[in-house]
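S.K.: My questions will all concern the structure given below.
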Amino acid sequence: MAVAGCTKCIKYMLFFFNFIFWLAGGVILGVALWLRHDSQTSSLLILQFEGQQAPSTFYISVYILIAVGAVMMLVGFLGCYGAIQESQCLLGTFFFFLVILFACEVAGAIWGFMNKDTISKELINFYDSAYIKALDVSGSPSKDSAIKVLDVFHNTLNCCGKKDNTMLFHQVSITLCPKKSPDLFEYQSCHDKLVELFSEKLYLIGLAALVVAVIMIFEMIFTMVLCCGIRNSPGVY
């Protein structure tokens, strides 16, 4: 028998929040795919120097986000269908996956907070290793590849050098900086640019996670109330 009264209102509210949850999953999936194929990050993270690939920690978080978005769309559909059908089995399955997703999101948020500076630091170290080789006056065989790596960083981020550039770098900056200008004051430090680039993207990921967490909390509450209403309705076995 169909639920009635206040429980019926809860049913449609749960459907509404599940629909929002499904849409949020689609948005997160779209944002994750955009982050994966963003021209700035892609240009930097495909670089190789001395046989080593640029650190790809950022891509790990993006792949997790893609998986979360896809699962959210599936779970959101399951919740919508379960709410309309007033099925305790479907709603129970939905609630189980919702709790798992929420736990994974909390764990991911803790990991992200503890490692929020790791991504930029790894790329800064990668940039510095190429920076040192590019200024090598001994004619190192990897000097040309180091200059190419710096060139990608400088043109992608419109930056040049580090915070504490050496006198040698000042002398060769005309060949390394994007506008071929010897005036380093025209450019922001590549260290600062890298921190800024990934801070913005991690902030976007964090904001999306916060919105989803709030929706999840409401959904868990409404699901429990609706399941209790279905169980207590006459004719429900």
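Residue numbers in this text run from 1 along the chain shown.
Using the three backbone atoms N, Cα and C, a Cβ is placed for every residue, glycine included.
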S.K.: According to TrEMBL, which candidate among Cys159, Cys160, Cys177 shares a disulfide with Cys190?
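M.R.: Disulfide pairing in TrEMBL: Cys190 with Cys159.
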S.K.: Take the C-alpha atoms of Cys160 (disulfide bond) and Cys190 (disulfide bond) and report the distance between them in angstrom, rounded.
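M.R.: Taking the Cα atoms only, Cys160 (disulfide bond) lies 6 Å from Cys190 (disulfide bond).
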S.K.: Are there residues at least 6 beyond the ends of the transmembrane segment (202-226) whose Cβ is under 8 Å from a Cβ of it, and what are they?
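M.R.: Cβ under 8 Å, 6 or more out: 3, 7, 10-11, 13-14, 17-18, 20-21, 24, 27-28, 31, 35, 61, 65, 72, 79, 83, 86, 91, 94-95, 98-99, 101-102, 105-106, 108-109, 112, 116, 119.
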S.K.: Same-chain Cβ contacts of the transmembrane segment (90-113) under 8 Å, 6 or more residues past its ends?
M.R.: 18, 61, 64, 68, 71-72, 75, 78-79, 81-83, 202, 205-206, 209, 212-213, 216-217, 219-220, 223-224, 226-227, 230
S.K.: Validating a neighbour-count step here. Other CB atoms within 10 A of the CB of Cys190 (disulfide bond): how many?
M.R.: 24
S.K.: Looking only at C-alpha atoms, tell me how far Cys159 (disulfide bond) is from Cys177 (disulfide bond), rounded to the nearest Å.
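M.R.: Answer for this pair: 7 Å between alpha carbons.
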